[in-house]
Every structure is written in C-alpha cells, then in structure tokens.
Amino acid sequence: MSIKGKAWKYGDDVNTDVIFPGKYTYTITDPKEMAIHALEDLDSKFAKEVKKEDIIVAGRNFGCGSSREQAATCLKYAGVGAIVAKSFSRIFFRNAINQGLPLVQCKEAAENISSGELIEINFEKGKLSCKKGVFDFPPLPESVLGILNDGGLIPHTRKILKIEKGE
Amino acid sequence: MGKTFAEKMLALKSGKESVIAGEIVTVSPDLVMSHDNSAAIAKKFKQIGIDKVKHPEKIIIPLDHCVPAATEKYASNHKEIREFVREQKIENFYDINIGVCHQVLPEKGHILPGTMILGADSHTTTYGAFGAFSTGIGRSEVASIWATDEIWLRVPETIKINIEGEIPPGIYPKDIILYIIGDLGADGALYKAVEFSGKVIRDMDIGGRMTLCNMAVEMGAKIGYVEPDEKTIQWLAPRINKKYEIIKSDADAEYEKIINYDISDLEPQIACPHTVDNVKPVSKVAGAKIDQALIGTCTNGRLEDLKVASKILRGKKISSGVRLLIFPASMEVFAQAMELGILQKLVKSGAVIMNPGCGPCLGAHEGALAPGEVCLSTANRNFKGRMGCKEAEVYLASPATVAISSLYGEITDVRGDLK
C-alpha cells in the first residue's frame, strides 16, 4: 500500500484535547461530524482544507493526553492518509491502528518534511519520499500490521471470531 | 538477571514462563473498565456481530464523566448504558451517585495487587498505587476484549524513580509528581513502566501514591507502580474478601534507567498553561489572578485533599472574585467529609460543594470556563480547551495551593501562610 498527499506540519506534544475537544466526546457520535472538528483548537483551517490522503507530520509525542479514540477517528474521517511523527503517545498509537489509520514513526523524515509539500509513503517497503530525499522507517510489528491491514480492530476481531458480517 | 514487575505481570497474564521488555504478548486482563463512553463501546461491540459479552463478571462500568446528565444527549447516553448493563447482566455497574471511576474501583474492592486492569480512560494508571498493572486503552479495544477476552500488549521497559529526603512543610504528593513531570517532560517516560520507590514513597499515604500513579501517564508512562506494603494491605483489608498475590520487581531486575530525586528543598509546584510539563515553582507565578479554583477530580478529590483545603480555609472567606468548586472524588469521600464537618467549613468559606464526578475537568459541564478566564485546578490536565474554552487558561497545583490561592484571588505560595 502506498499513499501520496500534502504535508500538514505541526510541533511536539499535539494533544488529544486540541485534536478533538473533550466537550464533544459524548455529544458527537457520527464519525463524519467528528471530522468537522478535527484539530479544531490547534489549526482552524485544517478541517476545512484537508484533502483525502493528506499526511500529518509532527514532532514528539503526537496524540498525548486522553484515551479518546475520536482523536484518531476524526482524523481518519477527515481524510488523513497517515501520520508521520518523531514519536506517538501510547494510547493514540493503538487508537490510530485500531481505526485503520497508518502511522510512521521516523524522526529524520519528520524533521526534513516542510509544511505543504507533497510526500509519498510506501508502507510495504518502509520508505517515505519527500523533497529532501527518501527516508526508511521500520515496519510495524506483524500483529499490529494485521489489525491495520484488516481495516481496524473491529473488522479484525470479526475475522478472528470468524463472523461473516456484523451489525 | 531478575525480572521487573511489568515483565512478571505480562508473563503471568499471557500464560508464558517469562517475557522480556520489547516483546509483544496477548493477555487476558482481570478487569475491564469503561465509564460514560460505554454506550459508544457497546455500539462497537454490536458491530462485531455477536450478542453476548464473553465475561460479564470482568466488566465494570461506573458513570462519572457527566453526572447527573447535563443535557438530553448525555441523558440518552446514560440510558443506553443502563440498558446495555441490564441486557448483558453486568453486575459491576455504578450509577451517577457513586463517584469517579479511579476512586470508586479501589474503594469498592475491585483493585487487587498483582492483577491486570485495563480501562478506556488514560488515568487508569492510578491503580498501580495498589501494586496492580493498569493502563488505558481505546474504545475499540474494550469492545474487542468484551468479545474475545484478549488484547495485545508490548512488554514495557521500566524506569525506577527513587524519591528520598524529608517532605518540607507545604509540599504534597501533587508537588512531587508535577516536579518530576516538569523535569522529565510530557514524553519522559513514553511507553515505559514507572516504579516509584524510596523513603518518601514508603512514608506516603495511599491517596498520595494514587496521585503519583494517576499522573504517571502525563509523562507518557504505560503504568505507574508502587510496591505494596503494610499501608496497602491495611487500606485494602476492609474492602476486599479475595486472596491476592503481591508481585514485586526482583532486586536484580534490569531497569532502563534509575532516576534519583531528593525533595527536601522542593518548593510548591504549578503546571502553567497549556501543558502539564510546563512546571514552575509557585513562587515564580505568584500574584497571577484567578477566576475559578477547583479541588477534586481523580487526581486530588480524596478525603486527605479536602482536609488540607479546609484547614487552610477554616474561618476565612475566599476572595470575592473567585469561584471555588469542590468535587469530592466519591460518595464515600463526600459522606466522610460531611461527618467530619469538612464540607460545612468549606461552605462557610464560600465554596460550592458539587456532587462526586469528573465535573468540568474535561469541559463537559459544572464549571466550564469563559474566554479570558483563569482556573487553578487540582486536576491532571491543562491543555488548551481542556475546560471547555480554548481562550481560557488552566493552572494545575496541589489542593493546598488551590485553597490558599482562592483566599487571595491570585496564585499564592502556601508556605507564606505556614509561617
């Protein structure tokens, strides 16, 4: 699988409250509506202008804070194709994979990508291409990749339990 | 080479002889907690395509994030949860009158040393104060555990934090953990297990240990852990009737890092807007005006916290420009504080006593902020927009600092009052 999209660059410690504010956590249940509020308290332009397969590029500890899965869901439904960061907060990492949203942990790439440039990521080969060159990143562990390839944890669990189709 | 607590727990729960840091294992937890997010989790569970949860006895659901319901939407959310609980025969359900999940689970005897608790809440790390392995997971993961009784976890490396010295007057566990988070940074313990040890921890009461483990996640930790001792056993004794096994790290366990602190000269600490690791001594920001003061939440809403506040406020009135909100962490705390006359004292000082729950901590209700306002809170997060408004500022400090500051209407060093 590979994707190509525009980079939206942010800094360190982008937390779940600025990705998806707590005040919406129990009032917004439709993922498409969640997408309207993606990164609302960090970059008000983002949700309006983001295109399918665009890529978020950030510094350290992306997604720190709450366990709210909507932080991953809102980005996924806003069209984000992948997130490249120096590191990810633990629960956000899990939530993104569980929503079928690919993550690339690559310090060098995150440092070298400029906001707005077009970047391409090949997940099988573990390569990211941007203006400043091609960067290698380690593949995700096999068990984690399995969840991502099944489109997220719910379809993955359905597969494990050999259930044809859920509700 | 010996094993760490985290390695022992993940071997135990995955049915393996032994595991090492970095390994990925599949575990079956002892308990899975979710709160007001349980209706959303139930929807995901139904999407899997099965009707019945695998182990209803392993599921625990306290309502706390927006209780009582603020609007029709919140009310419908609670209603869906109550219906799901009935349908699935989940016995461990606590409705809106019990308290905050991280206080209620230990109080009601659900937390045992040497067990694994996973929760759809990042502050699930709190139960490490009792020698449990506990950490936060996402909603899909809870739904999946309800269906399969399994989840993957990576075995974390362990950082040991030794805290030595004598706690100076005016310094509380909250000051200590804020200082450590400020020192190590918001990702200073990312993916790691953090063991708190040393004389200060041995001397610390259970509530203080809970504050430390609660906030371990604010430096990225997967779990916080305090080795159970006589205090732990005494605290748990009247609450549980099951046998448990205390699991400890071996003396020769391999730690990724051992960090030593001596807190004998520590000043009161405060996390400034808008990150938890933006920590300064209170003396550096003293004089900053506040509009709202909050004592409560899963970090600092316990009886010992309310006692400290009432001692500082006793016989005095809070500043006329300040709203002081008190959220006891549970109904048990509320009842005890009432019996001891603590709530009466706080009310006389001008505080508003709220019902046990998360309150405005996540910006849902009961004290949200307006643009330009400043709140000094005992909670654990101060991110932009956290308390419902991105143009407001939130500072985090100990119950003592919050209480003294509400008297003066500005951020105040509590040590001045001790002289």
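Cβ coordinates are placed from backbone N, Cα and C, and glycine is handled just like the others.
Unlike curated entries, TrEMBL annotations are predicted automatically.
Bear in mind that the values here come from a model prediction, so they are computed numbers and not experimental data.
The [4Fe-4S] cluster binding site annotation in TrEMBL covers B:CYS298, B:CYS358, B:CYS361.
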Mapped DSSP class for B:CYS361 ([4Fe-4S] cluster binding site), helix or strand or coil: helix
Output field, [4Fe-4S] cluster shell: CB within 8 Å of site CB centroid, site B:CYS298, B:CYS358, B:CYS361 dropped: B:ASP64, B:HIS65, B:VAL100, B:HIS123, B:GLY296, B:THR297, B:THR299, B:GLY301, B:PHE327, B:GLY357, B:GLY359, B:LEU362, B:ALA379, B:ASN380
Under 8 Å by Cβ from B:CYS361 ([4Fe-4S] cluster binding site), counting only residues of that chain that are 6 or more apart: B:LEU294, B:GLY296, B:THR297, B:SER377, B:ALA379, B:ASN380, B:ARG381, B:ARG386, B:MET387
Neighbour count (Cβ, 10 Å) for B:CYS358 ([4Fe-4S] cluster binding site): 29
Residues that sit under 8 angstroms from B:CYS298 ([4Fe-4S] cluster binding site) by C-beta distance, when 6+ apart in the chain: B:VAL100, B:CYS101, B:HIS102, B:GLN103, B:HIS123, B:THR126, B:ASN214, B:ALA329, B:CYS358, B:ASN380
